[in-house]
Amino acid sequence: MHGRLKVKTSEEQAEAKRLEREQKLKLYQTATQTVFQKRQAGELDESVLELTSQILGANPDFATLWNCRREVLQRLEVQKSPEELAALVKAELGFLESCLRVNPKSYGTWHHRCWLLGRLPEPNWARELELCARFLEVDERNFHCWDYRRFVASQAAVPPAEELAFTDSLITRNFSNYSSWHYRSCLLPQLHPQPDSGPQGRLPEDVLLKELELVQNAFFTDPNDQSAWFYHRWLLGRADPQDALRCLHVSRDEACLTVSFSRPLLVGPSTETLLLMVNESPLSVEWRTPDGRNRPSHVWLCDLPAASLNDHLPQHTFRVIWTAGNAQKECVLLKGRQEGWCRDSATDEQLFRCELSVEKSTVLQSELESCKELQELEPENKWCLLTIILLMRALDPLLYEKETLQYFQTLKAVDPMRAAYLDDLRSKFLLENSVLKMEYADVRVLHLGHKDLTVLCHLEQLLLVTHLDLSHNRLRALPPALAALRCLEVLQANDNAIESLDGVTNLPRLQELSLCNNRLQQPAVLQPLASCPRLVLLNLQDNPLCQAVGISEHLAELLPSVSSILT
């Protein structure tokens with residue numbers, strides 16, 4: 001064995017590493033304690049910079065120590081000469097770069113660099129752009145570096161066209177770069193501002209076509225990369241709908257006026273203001289939500305005094321003015337009539353689809369054909385399938401309804417982990433289509449049975465519905481938004497999986513409610529029905545609660561105003 005190098009055993013190596021770690025930890029704790037002691041004593045000098053450098057050089061994510069360095073640098077600013085300060089800043093920038101090499105995604109390091117450059121009279125922004133380019137060359141998805149680059153570009157007033165060209169170079173090198181795609185979505189509206197384009201900033205047709213060609217190259221190259229699909233969705237996205245007062249309804253029986261809006265809003269003295277004019281005279285009223293809770297809501301209502309509803313005049317004119325939304329709506333209650341209303345048409349306003357020009361429709365049709373071609377090559381690509389569904393919705397939801405449902409089935413099979421989300425999205429689209437069909441038929445009856453619905457959406461659009469059939473679906477609850485259905489008289493929700501009735505409250509006209517074959521377990525879940533003053537028929541057959549002894553007597557006590565309860 002003489003003359004041979006001794007090799008440490010694994011136990012010896014482990015022990016050596018343990019001792020080394022203990023030594024490093026001891027030095028780390030000692031240095032940290034010294035820094036805190038000096039800070040507490042107000043000894044903010046260059047020795048603190050040296051101590052924090054030792055720690056941050058190994059662990060750049062110690063936020064408190066970056067705060068200490070800033071405090072020291074602020075004190076040294078007034079003590080050092082301009083030449084000494086310039087040398088100190090240069091050294092600090094070099095130290096920061098070394099920290100970034102240790103951890104390129106260190107929040108504290110990037111923030112400290114922003115702070116430091118913000119205090120310089122003439123920062124070298126070109127150097128900072130070069131620094132960003134170097135780090136993005138190593139990792140083009142480093143969003144910390146992207147944030148810093150946006151800061152630098154803003155401070156240096158770099159033209160958006162130059163930054164767009166920079167994203168071109170990175171995307172060309174690697175399509176899978178979410179940050180580059182996102183940056184493009186910020187830059188393009190700046191380069192091509194469009195009047196009345198909305199907050200999302202729609203693009204001119206020629207620019208849109210060029211971007212679509214670029215993103216198509218991306219998802220045809222790597223169909224499974226989601227970044228290009230997200231950008232594609234942004235390109236074809238719709239602007240937010242304009243603020244609008246959708247429907248105004250007046251009921252003589254309930255002495256109530258109800259109004260629905262395009263978005264939830266909070267009405268009050270310090271928030272949104274609604275003005276009510278009756279026969280061109282202002283009327284002071286108190287606004288409330290259907291469920292009585294003071295929170296943002298699509299639907300608001302108010303009580304009307306008897307004088308505004310009497311039959312002495314041939315008609316009464318009601319006008320609601322939404323001051324913040326710059327919108328108003330007027331309806332007339334004729335003599336001898338019990339109700340009057342005025343509403344926007346979902347078919348005319350295209351509430352559930354993009355508002356498209358002829359050129360844009362042509363573009364979307366072309367995109368749909370391209371995605372179908374890709375789907376033939378990649379039949380199990382979930383992003384492609386979802387995009388096809390959304391494009392069909394944007395083009396013509398009723399024309400493509402049957403085909404859309406087929407694509408949903410395929411998508412659920414491909415992506416079973418998101419089956420519940422897809423079921424809810426499918427339910428949303430089916431309800432939208434049903435609202436459109438109801439308006440085309442000009443009726444107040446809505447049949448949503450046998451549609452396999454899992455959720456109810458857009459209930460604020462059903463303000464005037466009198467009969468609603470939700471039977472044979474997969475609903476687990478009737479949501480609080482159901483209180484928006486102020487005209488509802490008959491509700492059928494048989495053969496679902498309903499466990500809660502919290503949403504069936506304060507429905508002033510509800511007379512018949514059928515809940516056969518659901519999952520209502522305890523009589524207490526029926527308590528909300530007591531708030532429906534005209535409810536006379538309740539069908540609870542084939543629910544678990546019907547098996548309880550004495551259930552008929554219990555329900556009669558719980559709901560004394562309901563004359564017929566079937567169990």
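Any Cβ shown, glycine's included, is placed from N, Cα and C.
Values in this document were obtained by computation on a predicted structure and should not be read as measured data.
For the repeat 'PFTA 1' (44-78), the model's average pLDDT works out to 89. Marked as repeat 'PFTA 1' by Swiss-Prot: 44-78.
Within the chain, the repeat 'PFTA 2' (88-122) has long-range Cβ neighbours (under 8 A, six or more residues past its boundaries) at 53, 56-58, 60-63, 66, 69-70, 73, 76-77, 80, 128, 131, 135, 138-139, 142, 144-145, 147-148, 151-152, 155. Residues or ranges marked as repeat 'PFTA 2' by Swiss-Prot: 88-122.
Sequence annotations record features per position, and here Swiss-Prot assigns phosphoserine to SER98. Long-range Cβ neighbours of SER98 (phosphoserine) (same chain, at least 6 residues apart, Cβ-Cβ under 8 Å): GLY57.
Residues 97, 100, 104-107, 110, 113-114, 117-118, 166, 170, 173-174, 176-180, 183, 186 of the same chain lie 6+ residues outside the repeat 'PFTA 3' (124-158) yet bring a C-beta within less than 8 angstroms of a C-beta in it. Look at Swiss-Prot and you will find 124-158 tagged as repeat 'PFTA 3'.
The feature repeat 'PFTA 4' is assigned by Swiss-Prot to 159-193. Secondary structure of the repeat 'PFTA 4' (159-193) per DSSP (helix as H, G, I; strand as E, B; remaining residues coil): 28 helix, 0 strand, 7 coil.
Swiss-Prot lists 207-241 with the feature repeat 'PFTA 5'.
If you look up Swiss-Prot, you'll see 363-397 marked as repeat 'PFTA 6'.
Under the heading repeat 'LRR 1', Swiss-Prot lists 442-463. In the repeat 'LRR 1' (442-463), the DSSP tally of helix, strand and coil residues is 4 helix, 3 strand, 15 coil.
Annotation source Swiss-Prot lists repeat 'LRR 2' at 464-486. Under DSSP, the residues of the repeat 'LRR 2' (464-486) split into helix, strand and coil as follows: 5 helix, 4 strand, 14 coil.
Residue counts for the repeat 'LRR 3' (487-508) under DSSP, split into helix (H, G, I), strand (E, B) and coil, are 0 helix, 4 strand, 18 coil. Positions annotated as repeat 'LRR 3' by Swiss-Prot: 487-508.
Among the features that Swiss-Prot reports, repeat 'LRR 4' is placed at 509-530. According to DSSP, the repeat 'LRR 4' (509-530) comprises 8 helix, 3 strand, 11 coil.
Per Swiss-Prot, the feature repeat 'LRR 5' maps to 534-555.
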Tertiary contacts of the repeat 'LRR 4' (509-530) (same chain, 6+ residues out, Cβ under 8 Å): 254, 466, 471, 476, 486-503, 536-545, 548, 551, 554-555, 558-559, 561-562
Beyond the flanks of the repeat 'LRR 5' (534-555) by 6 or more, those residues with Cβ under 8 Å of it: 494, 508-523, 525-526, 561-567
Cβ contacts under 8 Å made by the repeat 'PFTA 5' (207-241) with residues that lie 6+ beyond its boundaries: 171, 175-178, 181-182, 184-185, 188, 192, 197-200, 262-263, 351, 354-355, 363-364, 367, 370, 374, 377-378, 381, 383-384, 386-387, 390-391, 394
For the repeat 'PFTA 6' (363-397), distant same-chain residues with Cβ under 8 A (at least six beyond the ends): 205, 208-209, 212, 216, 219-220, 223-224, 226, 229, 232-233, 236, 238, 352-354, 356, 403-404, 407-408, 410-411, 414-415, 429, 432-433, 436
